[in-house]
Amino acid sequence: MKGLVLKSTGSWYVVRKEDGGLLRARLRGKFKNKGLKLSNPVAVGDHVTLELEGEEGSAVITEIAKRQNHIIRKSIHKTAHAHIIASNIDLAFLVVTLVSPRTSFGFIDRFLITAEAYHIPVTLLFNKIDLYDEDTLKYQERVRKMYKQIGYDSLVCSAAEGIGMEEIKQLLDKKVTLFSGHSGVGKSTLVNVLVPDLDLKTTEISAFSDKGVHTTTFAEMFEIGPETYLIDTPGIKELGIVDIPKEELGGLFPEFRPFMAECRFNNCLHVKEPGCKVLEAVEAGKISLTRYDSYKSILEDEDNRR
Ligand SMILES: Nc1nc2c(ncn2[C@@H]2O[C@H](COP(=O)(O)OP(=O)(O)OP(=O)(O)O)[C@@H](O)[C@H]2O)c(=O)[nH]1
Ligand SMILES: [Zn+2]
């Protein structure tokens, strides 16, 4: 029997069976994750094979299908390196705002490079447009255009006034979408407008969870329509942590790639090296200064972490 993991408590899982029903499943034996030392072998979003146990509505996970992608964070356990937050994500929605509060480019670009590293497509969602004056709206269009040129789509909306909701719903349809964004940008408001009966939908799954057990470190997937899911990652505003070797950082900026290939040194970090084509492109206005600033700032952080 096949199923999809909707919720993890660390020791057992809520699984949606292919025929629609819910199961409570646990693991049998040891699962090995290639390469990574993980504190949790099964993650929300995993497609699994199950065997029913004697008890009604209870099963054992015997196999995990290959993941299309996954996001991780550092494990709190000393013996493991990483903890998988969720897997098989079709789309990451990064909710941003230009006012109240203003999301920094540094935050946006960090999110984008992490998503690049994880191979997760991102759509930027500019919320609170009801608060924007004419100048801010013009500025927003410039920002959207900049990201569009690099290859990132964006949408504008106002969760408060219900503007842009149909477009968002269409984009979410039949996908597993991760909702992220800085505190206060309106994620909860947005989800409540998009899925007014979400509480009802989650009750069915909550009924499978022990009362009083709060698993804030684990992600949860909410079914918001047929084959349509939202992933909520409590307490995680960014896409987890990945260790990116400095030489690979530039490659996570898609607009750097064609220029990087032409740099004189193949280990060029694009800071002050002679014959650096990325620097030339920045000077010629072919790469946005904002993005290059983000690049340098992330590079410096990497320096400080070592
Ligand atoms: N004017 C305006 N206010 C909004 C809009 N969307 C959300 N807000 C307000 O912004 C504030 C923050 O919204 P939340 O939905 O709690 O934000 P959040 O991203 O879930 O924040 P965290 O729970 O801290 O991560 C609330 O006061 C909302 O009413 C919008 O489109 N326009
Ligand atoms: Zn270079």
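A Cβ is built for glycine as well, from the same backbone N, Cα and C atoms used for every other residue.
In TrEMBL, the Zn(2+) site is described by Cys263, Cys268, His270, and among Cys157, Cys276 the residue recorded at this site is Cys276. DSSP assigns Val185 (GTP binding site) to coil in the three-state reduction, placing it in neither a helix nor a strand.
Only Cys268, His270, in sequence order, out of the binding-site residues Asn127, Ile129, Gly181, Lys187, Cys268, His270 have a CB under 6 Å from ligand 2. Sequence-distant neighbours of Cys263 (Zn(2+) binding site) (same chain, 6+ apart, CB under 8 A from its CB) are His270, Glu273, Gly275, Cys276, Lys277, Val278.
Long-range Cβ proximity for Ile129 (GTP binding site), meaning a same-chain Cβ under 8 A and a gap of 6 or more residues, is found for Leu137, Gln140, Val156, Cys157, Ser158, Ile163, Gly164. Among the binding-site residues Cys263, Cys268, His270, Cys276, no residue is identified whose Cβ is positioned under 6 Å from ligand 1.
Of all the binding-site residues listed (Val185, Cys268, Cys276), Val185 sits in the most crowded Cβ setting, with the most other Cβ atoms within 10 Å.
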